[in-house]
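Colleague: One structure is given below, represented as structure tokens, and several questions about it will come after.
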């Protein structure tokens, strides 16, 4: 499910790269026309967002009828009064591997946000008048990321090598960023298309890996809490990186801003390497924690959940 959500998110981002240059072409000689085009784009966005808001309220259910895994079945069996959001936050902050992942995830995702935001400025600096192609390069970056997120997610499901896969993808993202930085000003747009696609493949492919790894090392804490903290970290780093890279790009060059991001990605690699891989959720699903839980599989919704939670009874 998380891989599908990430793919849909990437699809929306791809549309965001593609449509604005088409809906709002560069017309510096006619400011009124530009303002009119911008208003049309904003009104269209408001209409679509409002429609999606109502569809979400009507179509979406609070939770699936049957838990999709042993670990989720156990969590649903816990009394709601035993859950404390404040205590969950405290537990996560005390979890050193999660804190390391929180920072490294923020660095990676913040870098992606910054590159995506300033991509047009970087392209136009070296390729004047190529605003439309800048949007297409952004589209290439995100579409390649959709493929990367699916492939990385499938590989993770198959191998369960959470830390190794996360670290390798992080290193490849760093290499992709370095290559993108030093090939941006070569004068060949096709090279930028290729390097941007490679960068997007690994950077966006990292997003579901970070979420899944966080759930593994923080179980039985709520997935919503850990995911919320990861998103908050990504937004904070994204804002800071965008401001700093934008300043460096304006005052010096796009290369200076990109090298700033490369340095932070290298720090993220070190932090990721220090994370202790404690696959708690995987251990529960494998039946290691003294419980016999039968959950309904994805292919069948006719079985009844049977919970024999000896460990849970002992805890209470």
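Just so it is clear, glycine is given a Cβ too, placed from its N, Cα and C backbone atoms.
Pulled from TrEMBL, these are the listed features:
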- 1-280: domain 'Major facilitator superfamily (MFS) profile' (DOMAIN)
- 41-60: transmembrane segment (TRANSMEM)
- 96-115: transmembrane segment (TRANSMEM)
- 135-155: transmembrane segment (TRANSMEM)
- 167-184: transmembrane segment (TRANSMEM)
- 190-215: transmembrane segment (TRANSMEM)
- 227-244: transmembrane segment (TRANSMEM)
- 256-275: transmembrane segment (TRANSMEM)
Colleague: Looking at the transmembrane segment (167-184) and the transmembrane segment (256-275), are there 3+ C-beta pairs under 8 A, with each pair at least 6 apart in sequence?
Modeller: yes
Colleague: Taking the domain 'Major facilitator superfamily (MFS) profile' (1-280) alone, what is its mean pLDDT?
Modeller: 83
